[in-house]
Every structure is written in C-alpha cells, then in structure tokens.
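One structure below.
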Amino acid sequence: MAALLVPGGGAAPGLVWRRRRAAVQCAAASPSSPDPSWRTNVVSDRVSVEPSPRTIHECEADVVSGNPPAAPAAPAKAKAPPGTPVVKPLRLTSRPRRNRKSAALRDAFQETTLTPANFILPLFIHEGEEDSPIGAMPGCSRLGWRHGLIDEVYKARDVGVNSVVLFPKIPDALKSSTGDEAYNPDGLVPRAIRTLKDKFPDLVIYTDVALDPYSSDGHDGIVREDGVIMNDETVHQLCKQAVAQAEAGADVVSPSDMMDGRVGAIRTALDEAGYYHVSIMAYTAKYASAFYEPFREELDSNPRFGDKKTYQMNPENYREALLEVHADESEGADILMVKPAMPYLHVIRLLRDTSALPISAYQVSGEYSMIKAAASQGMLDEKKAILESLLCIKRAGADVILTYAALQAARWLCGEK
C-alpha cells in the first residue's frame, strides 16, 4: 500500500505507526511451528489460505457417512497443585474473571484505548542553533528553533503524534514588566510557528498564552508595585499575544495564565481580527502545584517574589473547578484542561461529567520526572509505569494528553522496544 503523502511533510502522520502496529500484531499471531498442511501466502498486508483440492461435497459426504476428518483432542483439564483443598464450587451468578481469562477477551472488552493521536507533545525552544539536554527532565531538550525543532517534529509524526505545543525560553534582555515581547510578530514563537507550518502544513500547533516567559517578574501577569497581579491589564496583553500567534499560523491558543475573563476577551480579539477558526484550549483547572518545578527551572519562569496562589487554584479545592468550567464554557472555550493530571484525576472526571467539550490534561514536568527518576533507580518498569500513567489519565476522561513522554509512549504503542 503506497504511503499517503502530505505536501512538505512526508508520509501522513499516523499511517506509519498503524503499519508498525499491524506488523507487530501479525507477527505475534503467526504460528511458530505451523503444520505443513497449513500453507499461507502473505501478500502485502493480506494472509490467504491455499484451497484444498477436495470439493465441499466430498468433505460433507465424509461427515455424513460418519467419517469426519481428524481434529486435535480437547485439552486436558489442568491439575491443581498438591495440597489444594477440595471444595464445592461457589454458587455464583456472576464471575467477572471469565471476561479476563485471555488476552483476546481482555482486548475485546477494553474500555479505554490509548493511541498516539491522543498525545500533544510539549516542545521547549530557544534562539540558539544547538539543542541542549534538560538535566531535570531526561529525554527532553531545549531545541534550536531552526533545526532541532524540525527534527523533533519529524520524529513525532513518524510515530503518529501530530500535535505539539510550544514553550519558549526568552533571553533576559527581552523580558519586561509588561511582557511586550509576547506579542512581537517576529518573536521566537511566531517564527517557530511559521517555520513548522512551512514544513508540515497539517501539523496541529498549540501555543501557550501567558506572560511569565516574557516577564521580568516571572509572573503570569503584570505586577503592581504593591505585588498585586493586575487582572484586566494583563488580559489586554494576552489578547495581543493570542492574535500574534494566530497570525503566525497557530491552530489552538492556550491561555495558561488563570486571569479572570481572559477566555472571552481572547475569543473576541481573535474574532475581530478574523481568526474565527482558531480554537481556544483553556487552562480551566490549573492548580498552584509543586509539580511544575522542572518546567519553571527550564524556562526560567519562576516568580521573582511570592508565588502564584492569587491566580492559580488552591490544591485543597474541588468544587471551585465547576466555577471555572462554567466561566470558560460561557466565554467560548473549545477545549478544557486540568493541570497537573495524575494528582487531579478526580477533577478530570468532574470536567468530563460536567461538560460536553473535549477535555485535555497535562502530565506536567514533575510527574514525568518522578517516573523517570524512579525508573533510573530500578524502582519502576519505565515502560509499564509511563503507559499506565497515561492510560489512567485517559480513563479518567481526558480526550488528549499533554505529556513529555509522547514520543516514547507512541513508539511503544507502535510495537518498538
């Protein structure tokens, strides 16, 4: 079967991973020592059995005459180990284990399926030409926006991951108290977006809308002299940032700042600029979490003073998420997010049960790094732990997952070791 080609992007994303997955499943299903009479011809992705020289009428006549062809004997009943007590079977009307007794049955009744299409790959970018590994996040690098970024997206698409979100490391000299660099049309993020769209027209690009990477104060908003984060003035800046990203070609803008009213204001700004087609992924329930540290260290976006508790949600609160859901829905959000993911699975389920909108969840840097650290010490099986962590986020109700393990997990799902 010929590859489906996309202009500038090579084989269509997802096609390669599906082929690899099918090849692995086909190999697993093939008999290791086939009976000589079981002859197969493999042509492309089809398996055919050569017909027997005997007619159907001859075969039926044998059966009718009481001379059926030989077949394997029924398997012998397995014996219990010595010392097993002899008991009467429990009189159970239901035995749920019956539906778990084989891999085929478990697969047939599996309620949650994880695929590379469920992943959004976060990518760190900077102005340099070289890629720089991130010590606190093994397997992740700060990518040069010209070359390293392109190479990483090629790798992602090769295993079916066709969605990325960009996070910039901004030079200190470009940071200011009002974060004006955030909406520079020739800034790092707009340039990266245009470069990616030139190479991969069908790539889905998410962007981060917030001032902290651009702020000399390290906060998500403009800081008043008494330390108060100014809400409405910040929203004004965020609208300009979102429009600049949309103009560059962003598909989805993602306000992560947690300012009140920012979703509605951004929706209005995008529409007035003619970007009706650009979606908004709202960071609906973003908690003031301890799990963000590796990310903030990488982007140098830690607040220079205080913390972010006056705008991010209190980890002790649950019902408050409902207020944010209703606000974001009414203001025009297209996707709702929970961040972090694993410590807040119940909040993901709350959003899933409350809203008909798609739900995203962010497996943040601390979650990712914990698994990596434990695996490096031999405390966890890395593959099993990562895939289980992502599966439980999906099971809780997330439609898409932002995860630094997207590439690794997609390769495993493709059958690669």
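These residue numbers are counts, starting from 1, taken along the chain as shown.
Keep in mind that glycine also has a Cβ here, set from the backbone N, Cα and C atoms.
The feature transit peptide is assigned by Swiss-Prot to 1-40.
Per Swiss-Prot, region 'Disordered' is recorded for 63-92. Sorting the region 'Disordered' (63-92) by DSSP state (H, G, I as helix; E, B as strand; all else coil) yields 2 helix, 0 strand, 28 coil.
If you look up Swiss-Prot, you'll see K286 (among others) marked as active site, schiff-base intermediate with substrate, on the strength of similarity to another entry. When secondary structure is read from DSSP and collapsed to three states, K286 (active site, schiff-base intermediate with substrate) falls in the strand class. Residues within less than 8 Å, Cβ to Cβ, of K286 (active site, schiff-base intermediate with substrate) and separated from it by at least 6 positions along the same chain comprise S256, M258, Q312, M313, M337, V338, K339.
Annotation comment: Swiss-Prot describes E324 as Mg(2+) binding site, evidence class similarity to another entry. In sequence order, T284, A285, M313 make up the list of same-chain residues 6 or more apart from E324 (Mg(2+) binding site) whose Cβ falls under 8 Å from its Cβ.
According to Swiss-Prot, the feature active site, schiff-base intermediate with substrate maps to K339 (among others). Secondary structure at K339 (active site, schiff-base intermediate with substrate), taken from DSSP and collapsed to helix, strand or coil, is strand.
Sequence annotations record features per position, and here Swiss-Prot assigns 5-aminolevulinate 2 binding site to S365, Y404 based on similarity to another entry. In the three-state DSSP assignment, the secondary structure recorded for Y404 (5-aminolevulinate 2 binding site) is coil. The Cβ neighbour count for Y404 (5-aminolevulinate 2 binding site), using a 10 Å radius and every protein chain shown, is 26.
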Specify the count of other C-beta atoms within 10 Å of the C-beta of S365 (5-aminolevulinate 2 binding site). 23
Starting from the Cβ of K339 (active site, schiff-base intermediate with substrate), draw a 10 Å sphere and report how many other Cβ atoms land inside it. 24
